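Working notes, structure below.
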Amino acid sequence: MSTESDSLPSAKVETCGGQLDASKAGYITSPGYPLEYPPHQSCQWVISAPEPSQRIVLNFNPHFELERLDCRYDFIEIRDGNSESADLLGRHCSNIAPPAIISSGPVIHIKFVSDYAHQGAGFSLRYEIYKTGAEHCFRNFSAPTGVIESPGFPDKYPHNLECSFIIIPPPQTEVTLTFQTFDLENDPLLLGEGECKYDWLDVWDGLPQVGPLIGRYCGTKIPPEIQSSTGLLSLSFHTDMAVAKDGFSARFNMTHKEISDTFHCSNAFGMESGKISDDQISASTSFYDGRWQPRQARLNNEDNAWTPSEDSNKEYIQVDLHFLKVLTGIATQGAISKETLKSYYVTTFKLEVSTNGEDWMIYRHGKNHKIFHANTDPSEVVLNRIPQPVLARFVRIRPQTWNNGIALRFELYGCQITDAPCSELQGMLSGVLPDSQISASSVRDLHWAPGAARLVASRSGWFPGPAQPIAGEEWLQVDLGTPKTVRGVITQGARSGEGGTTSENRAYIRKYRLAHSLNGKDWNFVMDSKTSMPKLFEGNTHYDTPELRRFEELAAQFIRIYPERWSPAGIGMRMEILGCNLPETSTPAAETSKPTQPSSVETTTTQKPSPVTSAALPSQKGLCDFEQGLCGWTLDPDSDLSWALHSSSKSTALGQSQDLSMGSNSLGNYLYIEASPETVGQKARLFSPSVDPDTGPLCLMFSYQLENQGTLRVLLQNKDQEETLLWSLRGDQEPIWKEGRTIIPRSPNEFQVVIEGFFEGTKGHIWIDNIHMSVNTPLEECTQPFAAFPPDMTGGALPGKSEPTIDSLSVPPVLPNWYYIMAGGGAILFLVIVIVMAVSCRHLTARRNQPTMAYYSPHSAHYPNGGVHRAGVSTPKLTVWVEKGDGNSYW
């Protein structure tokens, strides 16, 4: 019989159904649980209590998975009596466990049925005689707000509880869980966080025992506030048979998330504000006197900082962000000792990241470990942009060099994955997608089955069967249940054994192709617009660190990943899918087996530019959207290549003809140039109206598209035609609109802004639109955006090369009479000029190999929300480091 008394059942079951006595608590499971139940099952149990006045309560394990088709084929049925003719208490299927079920009398009837197809993990339930409070032990919450309490609260909770509370929010919703009262039994000798021996409360990012564990709590210390936007938040409550306390009470609130196409991934995570609690901050060691603890490492904290017990590059400070987030920047400070008034600060550091707190990766930029340049004094705030933003839950800072000693205060910046449009996690991480909807071409064994391929949540992962797989033949497939809009995937490597230390236990895929389908039969690959072949996506470079890859939105119910290249340890994989619900008016077209066409059509046709003329400024002051001409901007008559005006009144060969200011489905005006064999090396230049002396500083904002081998630059030109480079972007950025920003500094002289585009190849286009010189945008925001979540880029979770650089480059005009100087015997003068230029070039080259302090703000203590001035405290300035060494990282 598939039962067991006071212990969890094994996966092997000999019989199905029977008569059970509830005088002693026991378990009932579907055959084979937690593995797939077999087809053609019809099991019936009758549970009886010894006394006529007693009732029976059933509590289901949250790991519940039956075929969900309206409970017509596979289901569990509960009846309030001893036969199938008794009153129906409930018929259940899907992958959300039923709440507690209580009989009205001493007998309850259970029936389990499965048909011939679509098996799942099944169910496990605990039966016992009902006691007051047990009916509140298993509950699901979907209301916008509510209270979760331990059974019997505010009285003491019962013994031997295994309760689950699941909060199920709608899409695009953030859940905030705030504890109001907390009192659970704990062992006073266990001082470490999460070390709970007797009674405890677990909080999960997803279903209990399936999603990642956020934290385990006991004792009387109230847990920190928890915010989740990954789709599901749950709590599991365990009590033993001894001491009972007053329990807990927590309030949850659901709030709708406003998603913006122009969001910036640069939010402070909460070191300075306190949103990150003291319990989330830890360190390798701390100074012995207790005045330099990890909790004092908050940016702008006025009482010392964190200092380790000894100054060593083996020391670190660590933050648990509770959820997988996108990390884009780190701001650091040193400190002045309150006791000795001596200055201490870190001058360089390394960064380590992890998804589970056990498997760590040292952040690399290229092939080498990245050395971040930090402070030059104890009070200045230095912001380091992470060149390739990374997905992580745990973050470690390891000081490498320092002045006088290690002292560190810091803030972390970034965003949640779901902050980007159409980026909801589709249920792999949380467990909302059941194991039965995850399949693969082959499986090594049951420990590394497709169900283990859940991002972060699984400790192993999927491994295919063949020891020597063939590229493109193995695949991992996810069925989303219904057609969705899919916009991206996150991949992660896997571990082929628990507790191993060798590289053979850690595997990942380096490159892969992605296919999609609406019916599971007709498949299309995501295509590469450059080659018209299935796109080869960059995968992972480390088995623990996830990588996010985006593509044009597509309608799909089934997603497959085909590994093409992998690590020496083989193919190992975990994943998550990002997307959103299809628009209500959207009806996906029937698919065929032919590959899909690329989203934008490349063209090498040379198109004669349309004539453009200047016009009055548009009604929106300072913004030029080219709907009424050039708004005072002018073309360079001396350029070989000219910007052309795409007008809403005519069609072009550009593939996409959508103007940003007119809406995603409207035709509008913008400027463009196209590449061809004739345009290689030619420059198109656009001049702004003259900017008066002592104007600004201003924030220049503009929209652009840059596809294939092109370069887009922003320069300043004075009356002597000397130019200063402000912003530069080179290389393919995918055919979608993005935003560029750069600061136009105050100048004592009149000048013009120059927008310049040119090509180094024969294919591609550059578009510009919505140029705005703003006096109201804070300068801190003008160093944004942190270009988060663009389409797939090579070598990282998110791109780091699409930001402008702030760099000065003086281009003096060539003397028109230098030929006469040479002819007149000026050879000596020419030799002197050559020597001076050589020394200057060498000096410039040497300086360019060093990190450059790009921007100083005397009025902002932290980034990006502006300065917060404290009474009697002078706010330190902000320094931003910009990578210049490799020529690819711009800000």
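Cβ coordinates come from backbone N, Cα and C, glycine included.
Where the annotation comes from TrEMBL, it is an automatic prediction and has not been curated.
Marked as Ca(2+) binding site by TrEMBL: GLU185, ASP199, ASP240. The Cβ of ASP240 (Ca(2+) binding site) has 14 other Cβ atoms within 10 Å, all protein chains considered.
What TrEMBL records for CYS16-CYS43 (among others) is disulfide bond.
With a cut-off of 8 Å between CB atoms and residues at least 6 apart in sequence, the same chain places LEU66, GLU67, ARG68, LEU69, ASP70, CYS71, ASP74, PHE75, ILE76 near CYS93 (disulfide bond), listed in sequence order. Here TrEMBL flags CYS71-CYS93 (among others) as disulfide bond.
What TrEMBL records for CYS137-CYS163 (among others) is disulfide bond. Over all protein chains present, the Cβ of CYS137 (disulfide bond) has 22 other Cβ atoms lying within 10 Å.
Note: CYS218 (disulfide bond) has non-local neighbours LEU184, GLU185, ASN186, CYS196, TYR198, ASP199, TRP200, LEU201, i.e. same-chain residues 6+ apart with C-beta under 8 A of its own C-beta. Among the features that TrEMBL reports, disulfide bond is placed at CYS196-CYS218 (among others).
Among the features that TrEMBL reports, disulfide bond is placed at CYS265-CYS415 (among others). In the shown protein chains, 24 other C-beta atoms lie within 10 A of the C-beta of CYS265 (disulfide bond).
Around CYS580 (disulfide bond), the same-chain residues six or more apart in sequence whose CB sits under 8 Å from its CB are PRO171, GLN172, PRO421, CYS422, SER423, GLU424, LYS484, THR485, ARG487, listed in sequence order. The disulfide bond annotation in TrEMBL covers CYS422-CYS580 (among others).
What TrEMBL lists as domain 'CUB' is 16-130 (among others).
The annotation domain 'CUB' is assigned in TrEMBL to 137-255 (among others). Helix, strand and coil counts under DSSP for the domain 'CUB' (137-255) come to 0 helix, 56 strand, 63 coil.
Annotation source TrEMBL lists domain 'F5/8 type C' at 265-415 (among others).
If you look up TrEMBL, you'll see 422-580 (among others) marked as domain 'F5/8 type C'. The average pLDDT computed for the domain 'F5/8 type C' (422-580) is 91.
If you look up TrEMBL, you'll see 622-784 marked as domain 'MAM'.
According to TrEMBL, the feature region 'Disordered' maps to 584-617.
If you look up TrEMBL, you'll see 818-839 marked as transmembrane segment.
CYS163 (disulfide bond) sits 12 Å from ASP240 (Ca(2+) binding site), counting Cα to Cα. Comparing the Cα of CYS265 (disulfide bond) with the Cα of every entry in CYS43, CYS137, ASP240, these being the recorded positions, the smallest distance points to CYS137. Within 10 Å of the Cβ of CYS196 (disulfide bond) there are 20 other Cβ atoms, across all protein chains. Of all the Cβ atoms in the protein chains shown, 18 others lie within 10 Å of the Cβ of GLU185 (Ca(2+) binding site). The shortest Cα-Cα distance from CYS16 (disulfide bond) to any of the recorded positions (CYS137, ASP240, CYS415) is found for CYS137.
For the recorded site, CYS43 (disulfide bond), the DSSP three-state label reads strand.
Taking H, G and I as helix, E and B as strand and the rest as coil, DSSP gives the domain 'CUB' (16-130) the counts 0 helix, 53 strand, 62 coil. Using CA atoms as reference points, the recorded positions CYS43, CYS137, ASP240 were checked against CYS415 (disulfide bond), and the closest is CYS137.
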